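**Q** Look at Swiss-Prot and you will find 13-33, 41-61, 81-101, 107-127, 132-152, 167-187, 212-232, 245-265, 276-296, 373-393, 413-433, 454-474 (among others) tagged as transmembrane segment, backed by sequence analysis.
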Amino acid sequence: MSYTPSSNDLIAISPMLILCGVALLSLVVQFLIPEEDEGKPLWVLSILGILVAMYALYHTTNSPGYGKFFGSQISISPLTVWLSAIYLIAGLITLLVAPPFLSQHKTLFPEFFPLMLFCLSGMMFLTSGYDLIVIFVGLEILSLSLYVMIGMARTSVSALESAMKYFLLGTFSSGFMLLGIAFLYGGSGTTNLDGALRGLSLKGYEANFSKLGLGLFFVGVSFKAALVPFHSWTPDVYEGAQTPITGFMASAGKASALGLVIILFNHIPMGEMGNVWKYLMGTIALISMTWGNIVALKQDNLKRMLAYSSISHAGYIVAGIACGAGLEALYYLFSYSLLNLAAFAIISYLEQGKHEVTVNGISHLSGEHPFTALALSLVFLSFAGFPPLIGFWTKLFLLQKMAESDLFFHRVLLFGAVANSCIAFYYYMKITIQSYMKQETGVVAGARDLPSLPTLGFLIFLLCVFFTAGWIFFQPGSLL
């Protein structure tokens, strides 16, 4: 059956088309620029592409508006628009932070820029897709781009090892997802998201196929979200990849996987089977947040600490989703992505191409580099949920939503989230204590301080965010 796209169909996916078009243009332009430019024209072109895609994304909310497009293959909703905004903001910040670091390591290859744009378009297709095939294709575009970006540091053994490990395990998880799609199609007769999951409410072999299919599909999604027990790749890949790439993975990459979890939960039929899946994912979330925090306590390398911390944060978000959080989980994703980008940007600055940033290595950082110490401490205090920083508001609203339910299991998840927040507070505070209260000078004290003007701008931005956070969430309609 042939299908001719309408103008509204094309406008609905215009942000993705712009990103892909600029990426293809970049592949051509790289052969026309002199080698000594180190990709500066590509850098400018990529930033312009993301800014135009942001405008197109905003325009889609007015014309053609929210709805289904391409014969219900694509869905544009407030949730997908906000998720896409998170990806584009994360990509823009990464493009601003990464080039100096990559140049220092002699790994700023021209292909980095189109790969970033392809990766962003894959993320947007992943969460805007209303068909399991579209979702899978978006996931593969995202994954293949990340595999190559991680492995671009060809002289780094750890980066190549990380890329290979992520590629092999990612391919394995993609196989589970594809097999899950096959079973969902076998149980429902359609790959349309709503119809495929409706097979769970049927009787007989169709329901069994659908249950098995959804389970296999969730295995792949849990791998991308780094939920226990599919998390083993996270610390090694985060540590081995170049720091700006790690920050992008931990922000936009994590947001895309968890955004897909939100979408899937919105489409699982209500009733007994829906409750079973909520109990299952809630249990995985509880184990993830506990395991991530306990192992993070023992880490000295900041990148590995943030890797295990990301496992626990994924647990918080999925626990909230299992308790019915929608807006709250979205806001958590937004703030968590910003904090991750800030944390890895500061770490990349401290590394200076030669240092491995450890907890002991930042001793007395405030005495040598006060602006850097202040920025680093604010970010980690916000991770810990220290009031009134942005991290405090995100956890407060998520925990409030979890506390609204009287179900015993939801109370268990609430208690687990609060207890784990207390555990996490210890190792986040350790960063501030080490940088302000230790007299011995650490290894990274020889690094340059962050420029005062950008640092002050970053702090003002944080202040604006946490002061407006409460207003935003007490008027949820302002978001969706």
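Placed from the backbone N, Cα and C atoms, the Cβ positions cover glycine too.
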**Q** Output the single range from 13-33, 41-61, 167-187, 373-393 maximising the number of Cβ pairs under 8 Å to the transmembrane segment (107-127).
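**A** Per the Cβ under 8 Å count, 13-33.
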**Q** Which sequence positions outside the transmembrane segment (132-152), separated from its termini by at least 6 residues, show Cβ-Cβ distances below 8 Å to it?
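**A** Residues 73-74, 107, 109, 111-112, 115-116, 118-119, 121-126, 159-160, 162-164, 166-167, 170, 174, 177-178, 181, 184-185, 191-193, 196, 217, 220, 224, 237, 240-242, 245, 248-249, 253, 256, 260.
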**Q** What parts of the chain pack near the transmembrane segment (81-101), using Cβ distances under 8 Å and only residues at least 6 beyond its ends?
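**A** Residues 15, 38-39, 43, 46-47, 50-51, 53-54, 57, 60-61, 108, 112-113, 116-117, 119-120, 123-124, 127-128, 242-245, 247-248, 251-252, 255-256, 259, 330, 333-334, 337-338, 341, 345, 348-349, 351, 353, 479-480 contact the transmembrane segment (81-101) from elsewhere in the chain.
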**Q** The transmembrane segment (245-265): which same-chain residues, six or more beyond its ends, come within Cβ distance under 8 Å?
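**A** Same-chain contacts beyond the flanks: 79-80, 83, 86-87, 90-91, 94, 97-98, 116, 119-120, 123, 126-127, 135, 142, 146, 149-150, 193, 197, 217-218, 221, 224-226, 237-239, 277-278, 281, 303, 306-307, 310, 313-314, 317-318, 321-322, 326, 329-330, 333-334, 336-338, 340-341, 343-345, 348.
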**Q** Where, among 41-61, 212-232, 373-393, do we find the most CB pairs under 8 A to the transmembrane segment (167-187)?
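**A** Going through each listed stretch, the top one turns out to be 212-232.
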**Q** By a Cβ-Cβ criterion of under 8 Å, what residues six or more beyond either terminus of the transmembrane segment (41-61) are in contact with it?
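**A** For the transmembrane segment (41-61), the list is 11-12, 14-16, 18-19, 21-23, 25-26, 29-30, 33, 76, 78, 81, 84-85, 88, 91-92, 95-96, 99, 110, 113-114, 116-117, 120.
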